[in-house]
Every structure is written in C-alpha cells, then in structure tokens.
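Trainee: I have a structure here, written as structure tokens, and I will follow up with some questions on it.
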C-alpha cells in the first residue's frame, strides 16, 4: 500500500515554517559543533519544495481506533532546500594554539594570532532520502518515529566559499556528518513535539487539529431525508437558479484524493444502502450518479400461490420492459356470466 500526499506545496502555512525553523535551529546548536564554527547557527529560510515524499506500508503491527503501529519505507528526492547562516573562524593559527612562531617561516604578509570570524551562508538542497522507519501514531501521545537505517543518501551543500575547493570539500563532509546525526538523534524528537500540537484531548474522543494548514470552512451535509427533500423541491420549484445556494467545488489533489467532508461517513452509508431498495427514485449525492435497481436474488419457481412474482428472471440492459395488459377480476361472477352479460 502506498500513500500520496496531495497539495504538498500548499500544505504548510507560515506558522509551520516558523515552528520548524525554531526547532531546527535548536537542534543544530545542540551538542558539540565543529571547532571551525563560532557562535550561533541561524536558520534563515526553509522551503518544503513542490515534490512530496513517498511512503510505502510494509507491515502493520498494531491497529486500533486511537493507535497505529507499522513499518514503512520512506523515499524522497525532491526540491526542498534549507539556508543557514553562521560565522566561521578563518585564522589557521587558532586551530593549534601550542604552535610557536619559531617553527613558521616568516614572510612579508604576517598572520595574526587572534581569531578572525567570517560570516558564511550555507544552502542545503537536492536532498535524497531512502530509509525504513517504524511509525507509531497515538491519539494521546502523538507521533513516534524511529529510523532503522541511515536515511541520508545525498545532499548538495553550497556556501560562500565555493570558490575554494579545499573548504568546499571540508564543508560537504562536515555537513553530511551533522545531518546524519540530526536524522538519527534530533529529527524524531522534532516530529514528536510538532505532533503534540496537532493532537488535543486524549482517548477515542480526542480531537485532531491541524493548526498549520490554511483551510476554508467546508459546508457539512446532513443525511438525506426523502420526505424533507420532496417538500423542499416543491417549495423551491418556482425559484430562480440565482437564489439557490451554491458551494465552491471541492479541491482535488494531483493524486486524485479529495478532502473528506464533515459528514462523509453518513454519506457513504446512505450511498451503500441506496442500492438496497425497490424505489425507482435515486438518492442525490454530489459528484455521484446512482440508479436504483430491484434486488436480483435467486430465481424461484415462478409465481407462487400467494401471487408473488419472481424478479430474478428480469435482466438489466435488455431494453425497456413492456407493460402487460390490464386484467380485470370480478368477485362472485364467473367468466361465462361476464361474456353473456356483455353480449
């Protein structure tokens, strides 16, 4: 089973970007940084890109109303990018403070023993991920994510010092090491803290909230009642089309997945039961055309003594069924008496 993420480019609001940038900044500044980086690492820009990741469900370990546990395969090779800003120490003498000046050849340009801090901008793009992960979703505890292998396959690192080949290779190696540690140690905690903002309440009655997605209010449709529907149709028979209430069309993503309505379960139940009827009238559903047919059960022995006709002999698609000749039955008179009276 695979999953498709519809509308990936518009699924994240500015509030999500601000929270994600703050958590990424805290994760990058946590722990020991390379000695060449001085000061605080600032996350300047975060863009989720246009191409969504792919998830393939491999195994379901636990499935209930408020809990899911499974093993999935994650794949991503999109156009997301991250830009950070920091200060690096450009003075080579500061890396080895025990080095004496007598061991260095003196030349015209002298090197300073004080550290020289140079601002640098890093841009991470062309991220390629492939991993097997264990996903646990709980309505009360949030989302727990564990990678079973190293997800990072490749990343493109560009910086202010791309013209210097030695510095470029050094930064590529250091950033890849920091990203591998972040995916292993810090990213599961970031996703868990973000998921706790999405879920509110506890247990089965908990309500799931998505504060980061900008969604317009969607009208809810109540279950269809035939009597109320007929009365409304009779009252609105003479109204003009301009007075009817119109709703905007539903947004359909690139994967063909529509956002569910608030009363979608009732609509699916009504649609399922609409075929189990002998009524010639079809229930009205948005974007769905339904035709009611009589129930075709097992064929019986024809017309029984009780006068019930078998519907199994009728077939759909053979053309219109011609109406039979109307028969008149009179109680208390025989057929011969009727012919004599008519003569």
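Including glycine, each Cβ sits where the backbone N, Cα and C put it.
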Trainee: In Swiss-Prot, which of 198-226, 227-255 is tagged region 'Disordered'?
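Mentor: Checking Swiss-Prot against the ranges 198-226, 227-255, the region 'Disordered' one is 227-255.
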Trainee: Between the candidate ranges 274-299, 300-325, where does Swiss-Prot place the region 'Disordered' annotation?
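Mentor: Checking Swiss-Prot against the ranges 274-299, 300-325, the region 'Disordered' one is 300-325.
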Trainee: Please give the average pLDDT for the domain 'SMP-LTD' (1-196) in this predicted model.
Mentor: 79
